[in-house]
Every structure is written in C-alpha cells, then in structure tokens.
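Pulled from TrEMBL:
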BINDING   Thr10, Pro11, Ser12, Gly18, Asn19, Gly155, Arg156, Asp157, Leu195, Lys202, Met203, Ser204, Lys205, Ser206  ATP binding site
MOTIF     11-19  motif ''HIGH' region'
BINDING   Asp143  L-tryptophan binding site
MOTIF     202-206  motif ''KMSKS' region'
Amino acid sequence: MTTRVLTGITPSGTPHLGNYVGAIRPAIAASQAEGIESFFFLADLHSLIKAQEPDRTQRSTLEIAASWLACGLDPDKVWFYRQSDIPETTELMWLLTCVAGKGILNRAHAYKAAIDKNREEQLDDDAGVTAGLFMYPVLMAADILIFNANKVPVGRDQIQHIEMARDFGQRFNHVYGKEFFTLPEAVVDEQVSVLAGLDGRKMSKSYNNTIPLFASRAELKKLIAQIVTDSRAPGEPKDTEGSALFQLYQAFASAEQSAAFAQAFADGIGWGDAKAQLLDVVDGHLAPMRERYNALMAEPEKIEALLRRRGAQLREQFAVPLLRELRNAVGLRDLSSVGDKPQEKAAAKVALPLFKQYREADGQFYFKLLDGQGNLLLQSTGYPSPRDAGQRIAGLKQADQAEALGGTDLKLQVEAGQVLEALAAMREAVAD
Ligand code: TRP
C-alpha cells in the first residue's frame, strides 16, 4: 500500500531562503521516498482569502510553481497541480459544509485571532472578517479528502485544520453510511530547520529580514553583507553558536565544509572573509536552481500546460468519479431513476422484519410478523378493530420482555427467542 502525502502551498509573495530550507527542500526530499504517492498543489483558492489583487495572485501562483519545479520537484513523479483546476474540490466543499458543525469553525485559530484583534481594537467582532476566512478549514478539508490523503505534513498552526478535516470526513461517512473518505493524519516535523534572517531573528517576511531564494549573485552579496555579526576583529576567535552567518553556511554546505568553517571561526577568520565564503557556498548551491527558475519564468505557457495536464488527469482518475458517487449518495440524482434502485439504507430496511395488518373475510382485523425474507414468525388472532390490532403491535414493538409474547391471541410459528430477536432488530433500526 502506498501512502498518500498531500501538501498544499498557498501562493503568496516570493519564496526566501527560510522557505527553502524549512519547507521546500525537505518536502521534495520526502516525496522521493519509496512507497509514497505525493500530491503537491498550489492553493490559489485559499490565497484569495488574503490577497485580492488579481495580477499579484496570478504572478505569485506562477512564481511559486516555478520555484518548486526549479528546486527539483519532478512533475512526472508527483502530482503537481493547481487547486482551482479541480472544480470538484469546491463542490465537495459544499457537501462538507452541510455536515460541518459551525461551532467547530468558530474555534478555528485564524478566525478566532481575527475576532480577538477586533475586540482589542473595540470593533465589532466580525468587522472585516470574510466568510472566506471562516470557511477556510472546510475548503482545506475538501483539498485533503478529495484525494483520500493519508498524511498531511503541516506546521503546528495547521494541526487543528487536519483535525477538522477528519471530523468533517467522519461526519459525512456517518451520515451517508459509507467510508467514502479516508481520515487524514497530520504529520508535524519536530525538527524543522528554522533559518535565521539578516538580523539574527527567524527569517520571515514579517521581519523584513529575508534573502530571496532566487536573488542574483550580486543581490546575494549585498544582502549577505548586511548580516549582523559581533564586533570581533580578524584574528579573534568567533562563536559559531548563535551566529546567523554560520547557520546559513551550514544549511547549504556539506558536513566537511561546515567543520572546516567552524575551525576557521575558532582560528579567528575575519567577518569579511567569512561572508565571502558564505556567498560562495550559498551561490554555488542556488545557481543551478536559479538558472532553471529563470528559464521556467521565461516560458510560463509551459507551466500552464503542465498544471492543466496534471489537473485533467487528477479529475479524470479521482475527482470526477468520486463526486459522481457522492452526488448519488447525498441524493443529487437523476430524477427519472426515482424508486429505481433502492439505496443501501432502504435495502437494509427491506431486509428487516415487518408487521403486516390485514382484514379477513370474517370482518376481523389480523396481523402477522414476517422476517426480512418474508417467512412467517407469528400470527395473531382476530381483533374487532384495526385500532385494537395496532395497539397490540405497538405493545409488541416496545416490549423488551418475553411476557410480551404471552396471551392467547398470538400463535408463534417459530421459537419465542427468534421472535424477540426480530422485534429487537426492528427497534434498533428505528433508533438508528
Ligand atoms: N492552509 C495551508 C497553509 O496556509 C495551505 C493549504 C491549503 C493546505 N489546503 C491545504 C495544506 C491542504 C495542506 C493540505 O499553509
């Protein structure tokens, strides 16, 4: 059995070295493992929650696609696609919306954070909060469930969303009586490499301390020159511990190179020299990828064609057949087939025992109990009115006790135990 691993990437902005070291590189490496079927997609529908500038959305989607391909994602070995190319995802989202508890969505971190911020600023709770932000976890659940992903690698902040996807999937399975969906598991990498930025804090757009992944060598040089160091002079031994410069070097160098660099620190390498070495090792690693990136960006139509091709395959193989099944399961059906094929639940009912009431030529009212196959289990004597017969049936249906079968009005055709069992089965079906 292969394990399906699904990764969603929200296109926003240009990737930086921190994204590469912490997310892109490890995800691509993981996708090359045996026994794994990988799904990577550009979550462009999700990006609309934050970004409502069409040209930026388009550009960012292209840049992120080109980045992952340039970094070595092999589009023939993994499923690489664009969320909005699978319209069944949004259709599934609605089906899930109708089983998703609103209370669960109220507790989603991103939504709650927006509310908290409004309260702090003494605004209305929902000021500026779109329904898109609120529904975000349902769309994400649809992304995951539509391909029956087993594992979803995420950051800590996203674990809750995977729990929600499980919850919605499970509810749907329960309501419609079949294991339509595999329940996904979150995979959290405890040792995510967090790269330091130019100022020594975590490299992040919000700190404005990033180095763009595909910066030219000249830009790299300029940015590396800005990395904060201490004021020790050449010849003075330097600490590798807590050094953003050393950490960056390590992220792009072999173990031997890093060991030699650490030795150079101990031997008092000057910061200028250290930065020159850092530039060489980072640029050496990135240059071939940058070249691929620039080539890909120069031919966006190729990326477009690739995404469309993979999207079409995914629809044909998975999404369209699944939605056909789900539409039928929820009752969005061809009207001309009404009453045609009993659905599974109805079929189960047919197999249940049932009471039949009827009137005989003597003018009296009778009933009998038949099992699912139509075999006679018990036969009543005559009652003066249908109401009397109905009351006796109601009593039998409620009774738990063997005494219920007592009295001269009932003729058991099989053992009392079998009749009681049939009655219990009927009660259970009603309780369901
Ligand atoms: N919400 C994710 C993020 O911001 C992106 C995403 C969308 C995703 N759909 C997904 C991730 C499905 C995993 C699975 O990072």
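From the backbone N, Cα and C atoms, a Cβ is placed for every residue, glycine too.
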Of Thr10, Asp143, Leu195, Met203, Lys205, binding-site residues neighbouring ligand 1, Cβ under 6 A: Thr10, Asp143
Cβ contacts under 8 Å made by the motif ''HIGH' region' (11-19) with residues that lie 6+ beyond its boundaries: 42-44, 47, 50-51, 57, 60-61, 63-65, 67, 194-195, 197, 202-205, 210-214, 248, 251, 282
Counts of helix, strand and coil residues, the motif ''KMSKS' region' (202-206), according to DSSP: 2 helix, 1 strand, 2 coil
Number of other Cβ atoms within 10 Å of the Cβ of Lys205 (ATP binding site) across all protein chains: 15
Predicted model, mean pLDDT over the motif ''KMSKS' region' (202-206): 91
Candidate with sparsest Cβ neighbourhood (10 Å radius) among Ser12, Asn19, the listed binding-site residues: Ser12
Annotated ATP contacts Thr10, Pro11, Ser12, Gly18, Asn19, Gly155, Arg156, Asp157, Leu195, Lys202, Met203, Ser204, Lys205, Ser206, maximal Cα-Cα distance (Å, integer): 20
Cα-to-Cα gap, the residue listed as 'L-tryptophan binding site' vs Thr10 (ATP binding site), nearest whole Å: 12
Sparsest-packed of the listed binding-site residues (Thr10, Asp143, Arg156, Leu195, Met203) - C-beta count within 10 angstroms: Arg156
DSSP residue counts for the motif ''HIGH' region' (11-19), split into helix, strand and coil: 3 helix, 1 strand, 5 coil
